[in-house]
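Student: Sharing a structure, written as structure tokens. Questions coming.
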Amino acid sequence: MRRTIRHIPLLGTALAPAAAQAQGENRPMWYLETFGSPGNEITPILWGLLWLAIGVVVIIAALVLAGVFLKTQRGVDMRRDQEAVSPPHDHSALRWMYGGLFATLAALSVFVVWTMMTMADIRQPDGEAPITIAITGHQWWWQVTYLSEDESRIFETANEIHVPVGVPVKFRLTSADVIHSFWVPAIASKTDLIPGQENTAWFRADTPGVYRGQCAEYCGKQHANMALRVVAESPEDFDAWWDMQLEPVEMPETEVAKMGMELFRLNCAACHNIRGAMAGGEMGPDLSHLMERTTLASGMLPNTPGHLSGWIANPDVIKPGTLMPRTDLSGPELDAIRAFLLTLDQGA
Amino acid sequence: MWQHLFWIFAHPWVYIIVLPAMGMVSDALPVFCRQPLVGYTLVVIATITTMILGFGVWVHHMFATGIPFMSLSFFSGASFIITIPSAVSVFAWILTIWYGKPVVKVPFLYFASFIVMFTIGGVSGVMTASVPADFQLHGTYFVVAHIHYVLIGINLFGVLGALYFWFPKMSGRMMSERLGTWAFAFIFGGFNLAFLPMHWTGLMGMPRRVYTYPEGAGWGWVNMTTTVGSFLLAFGILLVLVNVWHGLRRGKPAGDNPWDAPTLEWAVSSPPPPYNFATAPVLASRHPLWEDRLPEGSGRSSLHHGPLLDDGKEAMLTTVLDAEPDLVVKMPDDTLWPFLTTVAMTVFFGALLLHLWTWAAAGLGAILLCMLGWLWPRDDLAQTSKEAHHG
């Protein structure tokens, strides 16, 4: 279990350069500067509230400190010095109280109105949202289905969401097990994924880049490692990516990869789907075009052959509690499966 | 649904935690300011308002659950409004300090810092009351910081101040001022070092309840600050415990009224005798022990002459508005009925949960029977004596 920690420091390396530009390398979850809506509409009121809060605390702290330092009596023996007690001058004191309350009320009214206006603003995207993505939360990964009226254009993927820049995208959110929460701080606020209920959300990425998202509602042992990545790219790239996703996998050519496909069917296909490879499990993430993704295990590991082997060989060591079982493969079997998975890279 | 039930319970629960602490401060802070609380009536009204409003804001814990915007805006507004009564209390405390001549003792240190902690916990609450802001803040460390300012800042600081204040009354001995000042320094410093930066952790996007995070997230140094602060805070609490232990053993004798406080409990010996007062005192003002120094009301409280309640279980009945002693009523003796009622209620609710409808019906019947037994009129309680026995 201790070993899990070492696998994590990958963010800096795994992020595409565009993301580093867009988000600032060290602040993948920062939301005081945003790159899309509704984040852009929320940030101003957040800053406003923050400054209001800081202002109020500074004023009150100053009043208390000044009151204490200006008025303190030193060397008083409370048991003897009985003359000290005085009446509170309620008349003049209450005038200050009413003044303070009026100021409080005024500030609050401004923020109530601002809140309502912002809410009206972020309720719906401006204009139609042509793309709808269904996201189902699982312990501990994200099932992502791109919906379309044309059934042949529907496909499923996991943990990485591609969206076109400048186009509002709608989300249908639900959960297969417990409550999760969908949150991509640099673009959008959060919405819960609740079993047996369909929530909707939307966002529009305005700057190309890769954005980190993370589950924001405690959902079990590996809640901390339930991340997702949003890749915002030009509409052309996005369309090409969608078309590529629709392709069935190509049959492997090398002997070892062919053997790997057989072994995959025997050992993995009960849970994992790979379109075109006679593997249709539904428990775990869809692995068609796996190599096109940049991370493994919901954003935990960079997608490299080494990490892939390690993950398949013993998932529970990397992500304690994961529902993916250990399969007790021999070394050559593991190599073969890996060789097969490495062929799933039409996009690259 | 369960989330709703949970928060309908849990939000008022927060007020159940903080309101008594606010009351302790409103009671004890004026003693150290050497004058009565400014705006007493307003503070009382504010407290009652908070209690009522506190039942109407539970949904502000659930802004992100997909509830329609219309109802969100209602609960957002209610959560903003609940600030007003809290502001009344804060202004009352500050004005009491400004119009008074404070004497800095350990309890006063806690009460004065309490006002600032209260404000920090309050304004971070206002920030999360705004729905759009909460869409981002919800579920991050910002909320963790907020709850710690509420529970530790508003409850613990008030309660610790109250401990130092009433300890002499409870034990008859004083707690050491010097050790108390050190403990306060550690608690105040440690607490703020731990939880003030935590707001920033939340603003940097760290979600709650994660055991690990990517190194590149930039949360490392703030979390380290929090860790250091929490150890300092824990050490401060340890000092308080030592302070209590030392006070119990070696504390200087306190006398009846070490703080020259105005209220009734300071009129009896420390610790108070088991019967509290030999005769029921009759009060003319809120500050019976300061009466000769304050131009307050008319008449004088009489602490040593009053009705005697010495004939079995008796209690004073007073008039509703002015609390003038009116009647001595007989109180019922110990009885098994309340216990039987709770047993019946356990059966009833347990059966409901298990879908055992006959048991539930039986439980309900048993509850009604027990309540009948409990409330059955009895001759020996019917008597009330108009004339109190004067002692």
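Every residue gets a Cβ built from N, Cα and C, even glycine.
Just so it is clear, the model here is predicted, and its values are computed rather than measured.
What TrEMBL records for B:1-284 is domain 'Cytochrome oxidase subunit I profile'. Marked as transmembrane segment by TrEMBL: B:6-25, B:37-60, B:72-96, B:108-127, B:147-167, B:179-200, B:220-242, B:336-353, B:359-376.
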Student: Are the transmembrane segment (B:336-353) and the transmembrane segment (B:359-376) close, by which I mean at least 3 Cβ pairs under 8 Å that are 6+ residues apart in sequence?
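Tutor: Contact confirmed: at least 3 Cβ pairs fall under 8 Å.
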Student: Suppose I define contact as three or more CB-CB distances under 8 A, residues 6 or more apart in sequence; do the transmembrane segment (B:6-25) and the transmembrane segment (B:220-242) meet it?
Tutor: no
Student: Which of B:37-60, B:108-127, B:147-167, B:220-242 has the most Cβ pairs closer than 8 Å to the transmembrane segment (B:179-200)?
Tutor: B:220-242
